[in-house]
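Quick look at what Swiss-Prot lists:
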TRANSMEM  33-53  transmembrane segment
TRANSMEM  77-98  transmembrane segment
BINDING   His83, His182  heme b b562 binding site
BINDING   His97, His196  heme b b566 binding site
TRANSMEM  113-133  transmembrane segment
TRANSMEM  178-198  transmembrane segment
BINDING   His201  ubiquinone binding site
TRANSMEM  226-246  transmembrane segment
TRANSMEM  288-308  transmembrane segment
TRANSMEM  320-340  transmembrane segment
TRANSMEM  347-367  transmembrane segment
Amino acid sequence: MTIMRKSHPLMKMVNHAFIDLPTPSNISSWWNFGSLLGLCLIIQIASGLFLAMHYTSDTVSAFSSVAHICRDVNYGWLIRYIHANGASLFFICLYLHIGRGIYYGSYLYKETWNIGIVLLFLTMATAFMGYVLPWGQMSFWGATVITNLLSAIPYVGTDLVEWIWGGFSVDKATLTRFFAFHFILPFIIAATAMVHLLFLHETGSNNPLGIPSDSDKIPFHPYYTLKDFLGMIMVLALFLTFVLFFPDLLGDPDNYSPANPLNTPPHIKPEWYFLFAYAILRSIPNKLGGVIALVLSILVLALFPLLHTANQRSMMFRPISQFLFWTLVSDLFILTWIGGQPVEPPFIIIGQIASILYFSIILLLLPVAGLIENKILKW
């Protein structure tokens, strides 16, 4: 008689995905972020569900309902801060996961990579709408500024913005629909993540060397279940330390003031994980141009498989590409810093140079570096 996990229709799926899955024997801790993202999604859905039980999506009572959660609900403050900082953890894991994919050439699994980009867009949309819900000053003005960017679209822009707002400004209709979308999108993300895994298991995992590993595979369980579990414990320990000791470090103080349409904050800025894209948006002194650059800053990831010129998949043995990769990482840190600064010299020019460098490295320098490295290998 066959083992139940190999014969039962449901267990068989789990078995093929998490137990008997043949996995390269040399994947490093950089491959832990997929499971960590799954953990983040579970944390966010669970904490969000409990918050939704006490939250009111009405302009009059949204802000006070969040205060009520923090003051009167048992451990409401903890659930709220887990959810707020869980978003930051989610994006840290996301960016590290994408960085791993770029460094080790995982983008050559085109279907998996493209579904990953869709997941990134869905997560960014969810996070943006969630940021609006507490109805603080930065929530309101962030929603106003970011949604208003769509008015730059020729001909239909203004109508589109008013359609999204459900009126002539960000108001009750906007808040209600944002709450509805913020609630449903994580489940769509979970379903899309399943498709992401489906495509990944068609090809099998990449590995640090970037070479086929069919000759040296080991079962996922117990080796990588244990490794993932260790990663989860370490990240959860750091995360809970952060939540319990520095819960407001990444938040904006303006969000402790209720939304006031008559009083604009001096510096409107999104959460830290969007600042790099916000800096790219602001570096172009034209509304439509800025919006196009903003979208392209994420969409440019889809070009990685097309721009891969090197004979080797991974950057592990490509020093020129390595240098450019870490320059790109540094550039993203600079863009994140600039996104949080006011629009005045010298920040304007720094942001413009950093934006040009960002696109130059991805679209021009990395493909050229790949060709140069091919030439060096032939010598």
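Each Cβ is built from the backbone N, Cα and C atoms, and glycine gets one as well.
With pairs at least 6 apart in sequence, the transmembrane segment (226-246) and the transmembrane segment (347-367) have fewer than 3 Cβ pairs within the 8 Å limit; the two do not touch. In sequence order, Gln44, Ser47, Gly48, Leu51 constitute the residues six or more apart from His83 (heme b b562 binding site) in its chain with CB-CB distances below 8 Å. Cβ atoms under 8 Å from those of the transmembrane segment (33-53) belong to residues 69, 79-80, 82-83, 86-87, 89-90, 93-94, 96-97, 100, 130, 182-183, 186-187, 189-190, 193, 228, 231-232, 235-236 of the same chain, restricted to positions at least 6 beyond its ends. Neighbour counts of Cβ atoms within 10 Å were taken for the binding-site residues His97, His182, His196, His201; the minimum is at His201. Among 113-133, 288-308, 320-340, 113-133 has the largest number of CB pairs under 8 A with the transmembrane segment (178-198). Spacing of His182 (heme b b562 binding site) relative to His97 (heme b b566 binding site) is 23 Å (Cα to Cα, whole number).
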